[in-house]
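TrEMBL annotations:
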- A:7-30: transmembrane segment (TRANSMEM)
- A:36-58: transmembrane segment (TRANSMEM)
- A:79-100: transmembrane segment (TRANSMEM)
- A:106-125: transmembrane segment (TRANSMEM)
- A:137-154: transmembrane segment (TRANSMEM)
- A:232-250: transmembrane segment (TRANSMEM)
- A:256-273: transmembrane segment (TRANSMEM)
Amino acid sequence: MHPAPSVLVFTVLSGLGFGALAFLAVFVHPYGWPAFALWGLGYGLAIAGLLASTFHLGHPERAWRAFSQWRTSWLSREGLAAVATLVLLAPVALSDWLGLGLPRAFAVPGAVLALATIATTSMIYAQLKTVPRWNHWTTPAQFFAFALAGGAMLTGQGVAPLLLALLALALLAHWHYGDRRFAEVGASMGSATGLGPLGRLSVFDPAHTAGNYLMREMIFVVGRKHAARLRVIALVFACLIPALILFLPAHPATTGAAVLAHLVGAFAARWLFFAEAEHVVGLYYGKRQ
Amino acid sequence: MTCLPAKTDKKLGLAIDLDTCVGCNACVTACKGWNDQGYGAPLSDQNPYGADPSGTFLNRVHSYQVQPVDRAAITVNFPRSCLHCEAAPCVTVCPTGASYKRAEDGIVLVNEDACIGCGLCAWACPYGARELDAAAGVMKKCTLCVDRIYNENLPEEDREPACVRTCPTGARHFGDFADPDSKVSRLAAERGGFELMPEMGTKPVNRYLPPRKKDALDASPLAPLLDIKATGFAGWLDRMLGKI
């Protein structure tokens, strides 16, 4: 699948933002300007991610319509959950900043919805049977691990190193199972064309001699040869380096450095998430490796 | 609404005969021609006469070589377009309700005024039936020529999809798969019509008719010639050349 920059930014930043919001709502009770900074960071990341997602739309001015189909569409649910989270947590954030003393119970629905947002984002991808690598429990696991580990780091939680270790496991599981998923699902050029029972199949003549939307969007082959190296880079930057930095004395600078390193790894991992994912339509083009 | 109808009164679709298709691409051209006018945004081309042309098509014809174990290889031309699935995953993923499946005849359509061009439906389709139009920014797909099949301004023989109407070998058939006595239902039953990628659980309506079994020659027609012993001058030459 084509790793569109807008979608990478959307999933990485909004994941981190909603993870941070969940922690801020329940486990962190900042007040005054530190509260403003932390909540501002959470909101800023979440909103930046959501805005980035509109850049890959053909008609962003119609994006409001995406709130209507929550009954069947994970993308619609994602939009609703995201906006509901931001709305519900706004009074809590204001209360923390201005010291209004709103009871903490008010933050619980928002925290639950922040987690729901992360779940719905992951399900946009995990629901697709056509992309076997994504259509697996390791996709939500990876999205949750990223959001929670990133959120814990950003809000200075002691549990962050443990969550980073879980993230490493989630990534390893996604790669381990992902590499087998296509074969497991059983789609082949034979089943795609129905000609499998007749004999050995190969592409004789392509349907078109130039590229098209399908090939640009779903048959992304560039860079797969560096997959192994990128996996190591993702693990080292997203998990290992931040975990080591977090053992240094707590300071905004160390937290910042840990989060920045984590983001580099997160972008590498998310790029791979798309670049390595193969869509079954590639079978018609003989582009399945 | 992007909920799928529990049942459609009709199941309109195509039966595509892979035995008679000659891969002439007339259906591709007719489809592009018809859908450049009338229903929805026209199918655009980008840089059509340049070095890197690209464009939106609702129908593409692939060509495969099939090598059976015990006989000569065959070429199979394979038109690929929307199969108007009963469990269409492209419909349920749509966040805006632009994608829908009609309860009356089962045709899967896009309301282009509500489409935000997110592309998720194209991702959800296993068959590559949907292409985002680069000029209009909305998703395009086969409409089964919904603006022809019910169009009383057209002569009756033209009230079928453009690809079916134009096919010079009669490899494409249009009809109602919900009616067991329809032409397409009978063709699919008689010829062993099959679904594409049933493992994806999409329950496609369209059926593909497999290539008929080809005759196999006992051996090469040239084989008897190989045993002929040359005589006379040719025989002398054969012997002499063999000694060198």
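Cβ coordinates come from backbone N, Cα and C, glycine included.
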The transmembrane segment (A:106-125) vs the transmembrane segment (A:232-250): 3 or more CB pairs under 8 Å: no
Intrachain residues whose Cβ lies under 8 Å of the transmembrane segment (A:137-154), provided they are six or more past its termini: 11-12, 15-16, 18-23, 38, 41-42, 115, 118-119, 121-123, 125-126, 160, 163-164, 166-167, 169-171, 173-174, 177-178, 238-239, 242, 246, 255, 258-259, 262-263, 266, 269, 273
Intrachain neighbours beyond the transmembrane segment (A:256-273), with Cβ under 8 angstroms and 6 or more residues off its ends: 3, 8, 11-12, 15-16, 125, 134, 142, 146, 149-150, 153-154, 164, 171, 174, 227, 230-231, 233-239, 241-242, 245-246
